[in-house]
Amino acid sequence: MFTGSLVAIVTPMLEDGALDLDRFCALIDFHIEQKTDGIVVVGTTGESPTVDFDEHHLLIRTAVTHAAGRIPVIAGTGANSTREAIELTVFSKNAGADACLSVAPYYNKPTQEGLYQHFKAIAEAVDIPMILYNVPGRTVVDISNDTALRLAQIPGIVGIKDATGNIARGCDLLQRVPDNFAVYSGDDATALALLLLGGHGTISVTANVAPRLMHEMCTAAFAGDLARAREINTRLFRLHIDLFVEANPIPVKWAVARMGLINDSLRLPLTALSSQYHELIRKAMLQAGITV
């Protein structure tokens, strides 16, 4: 079981939109140095909707090869086609990924039974730990707690990333899942609350900008050091909120670029962060103690 701060890592790109693999590898080294507990590649924050199939493969393979066992690599392998999700998951296992993150199928709006059959088919086709990803604000389909509990009985399905931000719902899930099934926060603003209720970690956007602090917050929460966990969360709270003033990953790429780690290039239809938000995010970074 993976625990702690798992970064939903950005995908660096050159000004012409090509993948910047040199900076991608440098980011992995940065997160290892900063004590990040795991890396999630080619997820929402990694711009999975706008990388093609070959690039998706390349990013997963590069992450696994460069990490070289120094940090767990969780590959984003979700798709709204079950066959495509299986193919990506097979590739990830063969590439050496430690686990996969599989988002609920988007746009085609399956029923709860359709969701169950989708994830069951992937788990039966590929022997790799799978974390479900529930983000109804993007997918317009919601993995209910009851469906998550059904899926938790399937070998290989080891956890869920809950990006609803609904703490009552997360608490309900934590009380009902088996001990070997992990519940991760997918909402930075409520991550600490979920951790204190028994959550196992966070798959974090904020960790791109403040990786060591996110790791330390998780560590403090697990140790029962509420004062320290709250202190860190207070420092980070504006980042938790302001990194979503426009669609993720627009703001976080701007912030990571200010740190000198990447440039802030995005692929259409995403566009550069509106100038009206530059100062807002700069102040949030300064509040967190990040040099801008």
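Backbone N, Cα and C atoms are what each Cβ position is placed from, and that goes for glycine too.
Residues or ranges marked as active site, proton donor/acceptor by Swiss-Prot: Y133. For K161, the entry in Swiss-Prot reads active site, schiff-base intermediate with substrate. Per Swiss-Prot, the feature pyruvate binding site maps to T45, I203; the stated evidence is sequence analysis. Residues annotated as site 'Part of a proton relay during catalysis' in Swiss-Prot, with sequence analysis given as evidence: T44, Y107.
Checked against Y107 (site 'Part of a proton relay during catalysis'), the recorded positions T44, T45, K161, I203 differ in C-alpha distance, with T44 being the nearest. Between the CA atoms of Y133 (active site, proton donor/acceptor) and T44 (site 'Part of a proton relay during catalysis') there is a gap of 10 Å, rounded to the nearest whole number. Cα to Cα, K161 (active site, schiff-base intermediate with substrate) and I203 (pyruvate binding site) are separated by 7 Å.
Counting neighbouring Cβ atoms within 10 Å of each of the recorded positions (Y107, Y133), the lowest count belongs to Y107. Its Cβ taken as reference, T44 (site 'Part of a proton relay during catalysis') is surrounded by 24 other Cβ atoms within 10 Å in the chains shown. Residue density at K161 (active site, schiff-base intermediate with substrate): 26 other Cβ atoms are found within 10 A of its Cβ, drawing on all protein chains shown. Other C-beta atoms found within 10 angstroms of the C-beta of T45 (pyruvate binding site) number 24, with every protein chain shown included.
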